[in-house]
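Quick look at what TrEMBL annotates:
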DOMAIN    5-121  domain 'MTTase N-terminal'
BINDING   Cys14, Cys50, Cys84  [4Fe-4S] cluster 1 binding site
DOMAIN    145-371  domain 'Radical SAM core'
BINDING   Cys159, Cys163, Cys166  [4Fe-4S] cluster 2 binding site
DOMAIN    374-435  domain 'TRAM'
Amino acid sequence: MSAPKKLYIKTYGCQMNVYDSERMAEALGGKGYVETKTPDDADMILLNTCHIREKAAEKVYSELGRFKHLKAEKPDLKIGVAGCVAQAEGEEIIKRQPMVDLVVGPQSYHRLPAMEDAVRSGAKALDTDFPEDDKFDTLKTRAKGKRGPTAFLTVQEGCDKFCAFCVVPYTRGAEVSRPADRVIREAQELVEAGVKEITLLGQNVNAYHGHARGLAGLIWELDKIDGLERIRFTTSHPNDMDDALIEAHGTCDKLMPYLHLPVQSGSDRILKAMNRKHSGESYIRLIERIRAARPDLLLSGDFIVGFPGETEEDFEDTMSLIREVHYGQAYSFKYSTRPGTPAAEKPQLPEDVMNDRLQRLQALLREQQQQTQAAMVGREVKVLFEKAGRETGQMIGKSEYLHAVYAEAPADVLGQVRAVRIVEDSPNSLKGVLL
Ligand code: 5AD
Ligand code: SF4
């Protein structure tokens with residue numbers, strides 16, 4: 001038997017890309033590839049790219065430049081670009097960087113084995129279709145090998161919301177949900193392989209419609225799987241938080257008390273210009289209802305500062321919303337012009353204004369995050385231990401609130417959910433003792 005070929009995948013961007021990279025590796029596994037952690041000994045390099053903010057394409061081109069010497073040393077090395085930059089740039093990538101052999105969009109990676117044949121015969125391969133055949137159906141079932149205790153599972157892709165700043169509806173296409181029975185089967189297989197916690201993924205995951213009762217219906221089906229202990233989902237849109245999903249946060253024990261629910265801005269004027277189709281007030285009322293169902297829920301959000309036309313008053317509205325809601329965790333970004341999106345046509349704010357607002361916003365969010373971390377001290381949490389820590393005897397895992405928790409513990413806690421008392425907080429993690 002010939003030695004396995006080596007595949008190096010570098011993943012950028014969101015968790016959906018992490019999931020896609022795993023599936024691409026599995027698809028190429030059938031062609032005799034095993035994954036390697038370094039590009040230096042690879043027979044194929046794949047960059048799984050993200051296009052959500054500026055300069056993404058430029059970063060990809062400069063990263064590709066770094067592989068030039070590898071290609072010169074090893075002419076058989078094949079280089080591919082996958083993901084959303086591949087979708088957005090298409091053929092342009094091969095024109096600008098002729099050493100690229102393969103360009104594959106996020107909806108086409110089930111075609112990678114055939115594309116690999118083509119590039120091995122010396123041809124270039126390009127596929128950025130939104131094909132009729134569903135990649136999830138065409139991909140073979142997942143390998144049975146033992147896995148870590150947590151896994152991502154993509155259940156929905158694409159977005160029909162068309163927020164004025166966002167490229168996702170263009171790069172990932174229209175909203176598509178995977179049928180519930182397929183998702184459940186994949187979840188069962190993950191659990192058989194040792195997975196205890198599944199995070200359901202979708203660009204707009206709570207718009208999931210592969211089950212008659214939506215995402216809540218799917219969650220309740222997954223709840224029945226013995227051995228699956230925790231369910232999470234991300235990312236959601238406020239307008240798709242239906243009653244059943246809110247209720248599940250209060251009644252489904254396996255559904256973890258953590259919710260990522262981006263609002264982007266607290267100004268109704270800006271929310272309207274962003275085409276978000278909700279107001280600051282309606283978002284706050286929604287949070288109240290979710291917290292009534294699950295009072296200890298840890299809330300996370302996304303914010304954009306400096307959207308075209310944002311005044312100091314609009315920005316202050318965002319700060320007020322943050323003060324009112326109180327976030328345990330958050331991601332914030334300077335507005336970044338995405339060609340082809342409606343907002344790209346509008347005059348941009350000066351960079352120094354955006355920088356200043358981002359700093360103020362992040363200071364407030366950091367303060368809230370630290371308060372949330374500090375409030376955990378003395379509390380008992382349940383930690384799913386995932387890996388050994390840097391210091392001997394130390395194990396690291398996640399609490400139900402997604403806090404990173406480390407504790408002195410024997411190695412056999414790995415893969416188990418154990419009670420831990422929090423004794424110390426720091427900005428990004430918590431220290432606990434095993435109970
Ligand atoms: N500029 C800045 N941030 C953006 N996001 C999406 N598009 C842009 C953009 N053009 C942010 C949003 C979204 C998160 C995934 O990325 O906050 O929720
Ligand atoms: Fe982009 Fe999310 Fe808006 Fe969809 S809902 S357009 S993915 S920001």
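Every residue number used here counts from 1 along the chain in the order it is shown.
Using the three backbone atoms N, Cα and C, a Cβ is placed for every residue, glycine included.
This view paints the features noted in TrEMBL onto the structure.
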residue : record                          : Cβ within 10 Å
Cys14   : [4Fe-4S] cluster 1 binding site : 19
Cys50   : [4Fe-4S] cluster 1 binding site : 19
Cys84   : [4Fe-4S] cluster 1 binding site : 26
Cys159  : [4Fe-4S] cluster 2 binding site : 23
Cys163  : [4Fe-4S] cluster 2 binding site : 21
Cys166  : [4Fe-4S] cluster 2 binding site : 21
Check: min Cα-Cα distance from Cys50 ([4Fe-4S] cluster 1 binding site) over binding-site residues Cys159, Cys163, Cys166 goes to Cys166
Distance filter, Cβ under 6 Å of ligand 1; input binding-site residues Cys14, Cys84, Cys163, Cys166; output Cys166
Taking the centre of the Cβ atoms of Cys159, Cys163, Cys166 as the [4Fe-4S] cluster 2 site, the remaining residues of that chain with Cβ inside 8 Å are Lys161, Phe162, Phe165, Val167, Val168, Pro169, Gln203
Per DSSP (helix/strand/coil reduction), Cys84 ([4Fe-4S] cluster 1 binding site) sits in helix
Rounding to whole Å, the Cα atoms of Cys166 ([4Fe-4S] cluster 2 binding site) and Cys84 ([4Fe-4S] cluster 1 binding site) are apart by 12
Residues sitting within 8 A of the centre of the Cys14, Cys50, Cys84 CB atoms ([4Fe-4S] cluster 1 site), not counting those, run Tyr12, Gly13, Met16, Asn17, Thr49, His51, Ile52, Ala56, Gly83, Thr171
DSSP says Cys14 ([4Fe-4S] cluster 1 binding site), in three-state terms, is coil
Expected list for ligand 2 (Cβ under 6 angstroms, binding-site residues Cys14, Cys50, Cys84) reads none
One should report the C-alpha separation between Cys84 ([4Fe-4S] cluster 1 binding site) and Cys163 ([4Fe-4S] cluster 2 binding site), rounded to whole angstrom, as 17
